[in-house]
Amino acid sequence: MKTKKESSEEMFVSGSCHDEDQPAFPAKRSKPEVPSEEIVYHPVKLSRNDLYRPPSAEELNQLKEAESLFHCSLLKMQMEELLKEVVLSERRRQQIDSFIEKVTKCLQAVPTLPKVEVSDLSWLSGPVKVPFLLMPKATKGKFYMTPPASINVIGSYPLGTCIKPHIKVDLAVTIPADVLQPKDFLNQRYPRKRALYLAGLAQHLSSSSEVGTLRYSCLHGNRLRPVLLLTPPGKDSSFTVRVHACPPPGFFKPNRFHPQRNNVRTEWYTGVQTAQPESSGPPTPHYNSSVLGDLLPRAHLQFLSAVSSQCSAFTDGVALLKVWLHQRQLDQGTGCFSGFLASMLVAFLLSTHRISNNMTAYQLLRNSLNFLASTDLTVNGISLAKDPDSSAPSLAEFHSAFQVVFVDPSGHLNMCSDMTACAYKQLQHEASLSMQFWDEPTVDGFHCLLMTPKPMIRTSDHVFQLCDLVKLQSTCKKQNLLNDLMDLSGNYIQAALPFVLSLLQQGLGQRIHLLTHSLAPDLEWSVESDAPKYKAQPPLSFGLLLQPELASCILEKGPAADNPKAVEFRQLWGSRSELRRFQDGSITEAVLWEGESMCQRRLVPQQIVTYLLQVHADIPEASVRHIGGIDDVVKTGSEVPTTGEEESLVVVQAYDDLSRKLWNLEGLPLSITAVQGAHPALRYTQVFPPRPLKVDYSFFDKEKISRSLIPKEGKPCPAYITPITVICHMEGSGKWPHDRLAIRHIRAAFHIRLAELLKKQHNYTCRACPSHLDVWKEGLAFRIQVAYHREPQVLRESVTPEGLLVLRDNEEAQQLEVATIHKPLLTSTLHGLQQEYSCFGAVCRLAKRWLAAQLFSDDITEDTADLLVASLFLQPAPFTPPGSPQVGFLRFLHLLSSFEWRNNPLIVNLNNELTAADYTEIKNGFMASRESLPVMFIATPKDKKSSMWTKRAPTVQMLQRVMTVAAESLKVLERQLMDGKQLQDVRVVMRPPLDAYDVLIHLNPKQVPLLSQAVDPPSVNFSRGVTAQSAAQSGGSLPVIDYNPVFLYLLELREAFGDLALFFCDPYGGTVIAVLWKPKAFAPAPFKTSQVSARTVKVTGNEAKTLPNVEAILEDFRVLGKDLVKSVEAKMDKWSF
């Protein structure tokens, strides 16, 4: 439906869907005609009665609708704006009508040619080919080319439900009755004549200047129903006309196409004589549906037009449903839920009075999704036929032939004949998911429903592909699917697909929540090319939505040995099945899969898929491509590779033990009130968790006084030992001083006392410092910091000259509060999130590895990154929470690149503490104070107003850079993962573009302690004075803790030259420090004796100015990093000052 204002407004609409009506250049405004008499407008004076007149019934309805149906009127306006965007403009309609008129004239002028055999193609004189795969080669019948009997526009365009951006207009060209014979429904005769007729039309149109490009395609991937695609000449090819060749209405009797009838004879298809009577072959329901589908498009259009005329919002409701389907990739390809089916579904709901004719487009969409979510068409089919004739099949007969049943108004055609049960289950799942978050006031329903694309790679937890589609021929042969091949005209992919899906569903069982598959796309090819073979289509992709608690189980427990179902279990699992005795005494069939570490157990579904396809479908392992490997960048360990879960668990267990021992210490002057972890390793999100280490004493000398270990001269930098921060809160007491310096002294005394007690009672090697206490326990270093709960308050207090005590917030107090209160709280909360979602930590590690590799780890800090990932699990709409590290990482990149940080706060509802009122309060506060808030604003239940984690970073420029790189990384990674022809090198998105920087400081790998963690680690590493071992002992000398020369060098550079440049480095084994000059720092400044550091004086006339001395600065880079810096590379061609 079109609004009156649309034609004037459409040129200026902008949004997510590209407005194809916008001209490439601004149109000149025509000067308004000057009226002969000047018209003066006066304000209309309303009487008191008019001014305070009660609202009309229509106005009351609108007010009620906005209040009850929408979270707010904003959602209503968003949907109305979207409809304006996707509905065709008047100008576009005029272009389409004009082009159709020209095409119709051309088609009516098709010459009549002599009658020939169907197999004789000599009349096709030009390079135009027939869009049909001739399997078998020959069939009976005569054919001749002649002008069409009639030409009609059908489909969504005349109905008003055609939407942008992919505008397709359907044109039905009726083949004259003389060209066809009554028995042409047999043995592909009609489909072949149809293809020949299209080829004749293509040959005629190819010589016309009124038509641009001509290509062939198939209607929803059905090779029996080729179509001719036409675009207008010139650059304006924003729409496509699809030419369908159809038989005259009523030419074939519908009962000929009953799903239990055979219309493809076995003798003809195989070329082998059989003793059976001709008509008793196996039923060919899919073939029958293909032919019958060509008979009914005009009748369907009449039916939909009648329904549409009764419901004013029908076209808008269907348009919204089509947008919803398109975002979920469910509306294109073989067995899709097309726009036509969407229209028929809404018509079904209207005709059965499940929805009212007076409902709005919003209500039509909602009720349609609710119906899809609650109705299983694989079990209970539906029919639009009110009083079908006696020859029409029953729903039970349709169900016996097809997996999904939705019968058209004639009662003879199943419109979902090509859809698999898995495809419908996916549709049902998506509808159910949409209904779940529709009414959730904390979710942006409009954005999740209609604006967020859901490609398979970002929706499914595991994705794998069948690359070599020819191998499915052996599946058909092994499973004896000849009847299906006959029915599907030799399409072995569609013939084998139901069996493969059923096999995988049976094998994966309770491990998965949903199994999905890609829909074979509608291939397009030139009219001068032969129809592509079936194997030419892209690889067949399968997606698994996992049940996290069961997916990685390595044991598949079967029925008891004496149970009749044991035979079935053994048939499925073959040689992998074996009898096992369990601790409870039961003896059952079982299958054991490989998986020592968590990252190996995550691949159990992959092992199952590969094994089942090899054993039952004759598809070799080499033809199955599992999409993944992203977590390789955080893998460690050579014998048993891990991605950090096991190491994190060891750290948490060691911390728990230390915590218990701290609680039980005897001899402290004040008792301990709380022991809290404040380190990413204790919430399972440290990129490379600390591993228990054993010190190699031959690498070190001992310092005489403290007996600490010092690396010998000439040795490489020792291994970096991460201190695991633990906050130890002491009880409050009147003995605590009220002076900041005295409190620090008391804390230092507690550190000394704790060290003495831990050494005495547990023989731990300790080193006390004023700010912390380092404890060496079982090969791990813990850094204990004593905290006093009133210290931040003391830091805020100050005394005025008049003697008044005032409270002033300051940076020092805030930092102490974050370190001793907020960070431990965040750590314990995220630790709980890891217990709920097993792959949360792995996604965090991947996200932070990417940020570090792209040199963003100083801008998006560890805590910020963990909160960003937490939001993906706590508010996953329109997805389900990530079930694998890969899908979580892809969504993290999408969140970073697409979230509107300028206009929205990211609300992370930890522990589900925030209510809808809190959300509103946060959003209102954010809008009111936007200019003074951080550019990236993250709100949590304990931090609704200030976004403490992003207060210092990132800056606007760095956030923009992060968003750009994230968008590019996502695009490259998704394309590489889904393209079977590309080598899967996921590290490509971890390699930063260094050409954007002004200076590169190359470091000596020998002095980079974390070199082995680099994105591309060297083949030969240096001995770092430690050996990894799981049973490292406590006691002994204390190794060098928290010593990273790269980090210390960076601190010095920023302190000395932070006003001139920005410095970036990958903290995990990066051997390059990238430098970016600050443009403002190179503007000439007035000469001041206090500001001549690293500057040179330039005198012009009587004025002395100072400029940065770049040569001296580069030399200083070398001097500051003596023995650490290998070389300094200055990219002078990039410098613009």
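Quick reminder: no glycine exception, Cβ is built from N, Cα and C everywhere.
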Which range, 1-36, 253-288, does TrEMBL list as region 'Disordered'? 1-36
Averaged over the whole of the domain 'Nrap protein' (169-309), what is the pLDDT? 87
At an 8 Å Cβ cut-off, counting only pairs 6 or more apart in sequence, do the domain 'Nrap protein' (837-991) and the domain 'Nrap protein' (313-452) clear the bar of 3 or more pairs? yes
Any chance you could find the range in 458-617, 631-835, 994-1128 with the most Cβ pairs under 8 Å to the domain 'Nrap protein' (313-452)? 458-617
Do you know the DSSP helix, strand and coil residue counts for the domain 'Nrap protein' (313-452)? 73 helix, 5 strand, 62 coil
For a three-state summary based on DSSP, what are the helix, strand and coil counts in the domain 'Nrap protein' (169-309)? 56 helix, 29 strand, 56 coil
Helix, strand and coil residue totals from DSSP for the domain 'Nrap protein' (994-1128) stand at 40 helix, 37 strand, 58 coil
